[in-house]
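J.: Just passing along the structure, written as structure tokens.
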Amino acid sequence: MGGLWVGVMLLLLFAATQFSVLWTIVSMGKWAEKSKEDQVSVWSLALIISFGILVFLLCLVRALANFYFSLRASQKLHDRMTWAVLRAKIVFFDTNPLGRILNRFSADVGINDDVLPQSLHDVAFSVFLVLGGVATAVTVLPFTLLAVPFLFIIFAWVRKIFLTTSRELKRLEGTTRSTIFEMLSESLSGIATIRSNNSQEYFRHKFELAHDAHTRAFFAFIGAMRWMGFRMDCIVFILLTIASFLAVLFHDQGWFNVDPAVLGLALTLLLQLASAFQWSIRVSAELVTNMVSVERVSAFGDLPSEAALVTEEDINDKAWPTEGQIKVNSVTVRYRPSLPPSLSGVSFKIKSGQKVGVVGRTGSGKSTMIQALFRILEVEEGGIEVDDVDISMLGLHKIRTEMAVIPQFPILFSGCSVRDNLDPFGEYNDDAIKRALSDVQMIESIKDLPHD
Ligand SMILES: Nc1ncnc2c1ncn2[C@@H]1O[C@H](COP(=O)(O)OP(=O)(O)OP(=O)(O)O)[C@@H](O)[C@H]1O
Ligand SMILES: [Mg+2]
């Protein structure tokens with residue numbers, strides 16, 4: 001809801017700025033028509049200067065507000081995605097390759113931070129420029145209004161065709177470009193093989209074909225731009241012709257009194273419209289492409305998360321666990337609903353202080369049991385009790401901080417010291433860390449490591 005208000009506020013700001021620009025130009029036109037004495041009067045000059053200052057201030061506020069709010073929105077999306085990914089279920093990491101996750105956090109967030117604020121600004125700016133031009137022409141010569149809906153229909157039609165085509169051509173251009181890069185790096189790394197087989201000619205030909213494919217796509221894209229540009233120019237020149245002829249006709253016949261200063265402004269704005277129209281279409285096409293990044297970051301922000309980190313039960317059971325007795329009652333666990341269960345109807349009991357070894361062939365479910373114990377996987381049926389407390393009632397923080405596991409595949413955080421790896425939250429003093437290292441006979445090995 002906050003976003004809606006910010007959007008409305010930004011639109012109003014853009015509208016106000018465009019209006020003040022037009023108003024300033026009209027006032028300057030009127031000022032130019034005044035007598036010499038009136039032109040240099042303090043009052044006239046002060047009015048013009050204050051209009052100039054107003055336009056400057058509004059442009060500044062408009063740009064600052066646009067960039068501030070777009071960056072804030074991007075930051076919010078990023079934070080929501082970070083939290084959602086950190087809290088995501090294990091299924092998410094099983095089904096999403098690391099490259100995809102990294103891409104969202106780098107390329108997509110990059111586009112939201114760097115490219116999108118500028119894109120939004122350009123779109124709003126060009127749309128108001130076009131609207132301002134058309135509105136001025138219509139105000140000066142209300143009769144041009146007859147032509148405007150017709151021209152807008154053509155505009156919307158051209159825009160629709162161009163957007164669909166340019167999006168596909170841009171995609172094609174991107175894919176054919178990556179073929180060139182792939183071929184280049186592959187040929188360079190395999191240069192010895194290519195030369196020893198005397199296949200330079202063959203690879204040169206393949207490389208040229210890749211270039212041709214890219215040039216074809218790129219040329220088609222430029223062609224599409226020209227196609228759109230020509231039609232936009234036609235629309236604007238038709239409007240310009242109608243406005244000019246009607247102005248002369250109406251003024252001549254005395255049907256409508258046209259102020260020459262305002263008419264001049266309207267014609268200048270209409271001339272500008274030719275490029276503004278093209279620009280608005282191009283930036284709106286870019287905006288649509290860039291908005292895909294917002295969609296992708298938002299999609300990761302809505303990931304289903306694991307169970308609550310803290311529950312009422314944790315507070316009631318402050319001392320849990322005291323004995324370390326584990327009871328597993330007909331537990332069934334599945335990695336994903338579409339997969340067969342990895343554990344089905346498993347029951348056993350481990351008494352407090354007992355040391356138990358679980359033996360089984362690979363894939364029999366030993367690690368899965370540990371994952372169920374830490375609720376990395378939630379049990380589908382049955383339950384696990386530790387010291388007679390059903391662990392499904394506890395918060396995940398409580399379970400995962402009160403129990404410890406040494407996993408099959410150890411993980412070291414790179415770029416961190418041994419100390420940070422052992423005690424990431426800085427909860428223990430050096431003596432405790434050293435004692436732990438000496439207990440596992442690692443104290444001698446780490447002495448040779450560089451200290452920071
Ligand atoms: N991430 C996963 N997604 C889907 N299925 C999985 C996943 N991890 C394990 N499984 C399946 O669950 C079953 C139990 O696997 P688990 O890793 O618990 O076996 P394990 O007894 O620990 O084997 P190992 O001795 O090789 O460590 C296997 O059939 C395995 O294919
Ligand atoms: Mg295992």
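From the backbone N, Cα and C atoms, a Cβ is placed for every residue, glycine too.
Bear in mind that the values here come from a model prediction, so they are computed numbers and not experimental data.
So TrEMBL says this about it:
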type	residues	note
DOMAIN	1-289	domain 'ABC transmembrane type-1'
TRANSMEM	6-28	transmembrane segment
TRANSMEM	40-65	transmembrane segment
TRANSMEM	125-158	transmembrane segment
TRANSMEM	230-250	transmembrane segment
TRANSMEM	262-281	transmembrane segment
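Have a look at these and tell me how they're positioned relative to everything else.
T.: Within the same chain, residues 9-10, 13-14, 16-17, 20-21, 23-24, 27-28, 31, 34, 121 sit at least 6 positions outside the transmembrane segment (40-65) and bring their C-beta atoms closer than 8 Å to a C-beta of that stretch.
Same-chain residues lying 6+ beyond the ends of the transmembrane segment (230-250) with a Cβ under 8 Å from its Cβ atoms: 134, 137, 140-141, 143-144, 147-148, 151, 154-155, 158, 256, 258, 263, 266-267, 270-271, 273-274, 277-278, 281.
Remote same-chain partners of the transmembrane segment (262-281), defined as residues 6 or more beyond its termini with a Cβ less than 8 Å from a stretch Cβ, comprise 22, 25-26, 29, 122-123, 126-127, 129-130, 132-134, 136-137, 139-141, 155, 158-159, 162-163, 228-229, 232-233, 235-237, 239-240, 243-244, 247.
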